[in-house]
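Record features, source Swiss-Prot:
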type	residues	note
BINDING	G48, R49, N50, G51, S52, G53, K54, T55	ATP binding site
DOMAIN	15-250	domain 'ABC transporter'
Amino acid sequence: MSEPAQPSEPAPALVALRGAAFAYEEGPDVLTGLDFAVREGRALALLGRNGSGKTTLMRLLSGGLKPHTGTLTLGGEPVAYDRKGLTRLRTTVQLVVQDPDDQLFAASVGQDVSFGPLNLGLSDAEVRSRVGEALAALDISGLAERPTHLLSYGQRKRTAIAGAVAMRPRVLILDEPTAGLDPDGQERLLATLDGLRAGGTTVVMATHDVDLALRWSDDAALLTPEGVRTGPTAATLARTDLLRRAGLRLPWGVAATGLLRARGLLADSATGPRTAEELAALAE
């Protein structure tokens with residue numbers, strides 16, 4: 001598991017919403033007055049209770065929804081919601097939804113992963129290169145010819161992510177990617193995400209798992225009724241006031257850090273444990 005990146009000065013915003021608001025049909029605003037940025041190289045965990053607007057936010061960032069007011073920017077430039085503008089956005093930002101069956105529709109794994117690159121009008125050679133690269137990144141090269149309906153749930157998840165990776169996005173947004181996976185499947189997926197990050201992809205993960213967020217992310221964004229609060233993960237997830245408003249509990253690692261410091265076993269300047277292995281190492 002990679003170490004959280006240490007911020008010096010704010011990384012540039014790859015994609016950002018400024019003053020954005022959105023409501024479904026005639027309903028109340030789901031999000032309003034929203035300022036939110038995905039910064040290059042920062043692993044970002046998006047957390048909040050059901051109905052807090054996480055899915056809406058992800059779809060706004062990826063161009064699936066258009067804010068009623070406000071602006072979506074890509075590299076500092078406003079996104080145009082025409083074919084050219086959305087193609088530019090979707091080659092930079094890719095969203096993978098929670099249920100892989102909502103994204104898989106081709107007969108085989110290889111065909112499904114090739115769909116996006118083919119739609120870009122790339123040559124057959126370039127499509128094959130991208131598909132092979134994406135399958136290898138998700139460790140499913142051996143499944144290229146397998147019918148998608150014969151895949152396990154974990155394999156379907158990986159295939160859906162591979163389809164996004166084949167677009168070579170700079171930002172990959174994942175909605176509950178570890179949901180429904182067994183512990184081994186979760187570990188394998190997290191290792192894959194570490195590999196994508198090492199290759200230069202900025203990853204955003206929506207999750208309800210505060211312990212996973214503490215372990216994996218550099219920054220955490222909490223959706224509360226008052227808006228989105230974003231900051232370095234350990235400090236943000238230690239804010240019991242924010243956690244309460246976001247409908248979340250204190251991560252065990254944060255609780256353990258507080259206990260260790262209270263007993264003089266961990267210096268205030270030292271980083272607290274994010275995993276059971278890190279806690280065990282402190283005890284040695």
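Positions of Cβ are set from backbone N, Cα and C atoms, glycine also.
Fewest other C-beta atoms within 10 angstroms, among the binding-site residues N50, S52, T55, are seen around N50. Same-chain residues with CB within 8 A of the center of the G48, R49, N50, G51, S52, G53, K54, T55 CB atoms, the ATP site residues themselves not counted, are L223. A sphere of 10 angstroms centred on the C-beta of R49 (ATP binding site) encloses 16 other C-beta atoms. Within the model, the domain 'ABC transporter' (15-250) shows a mean pLDDT value of 94, rounded to a whole number. Of all the binding-site residues listed (G48, G51), G48 sits in the most crowded Cβ setting, with the most other Cβ atoms within 10 Å.
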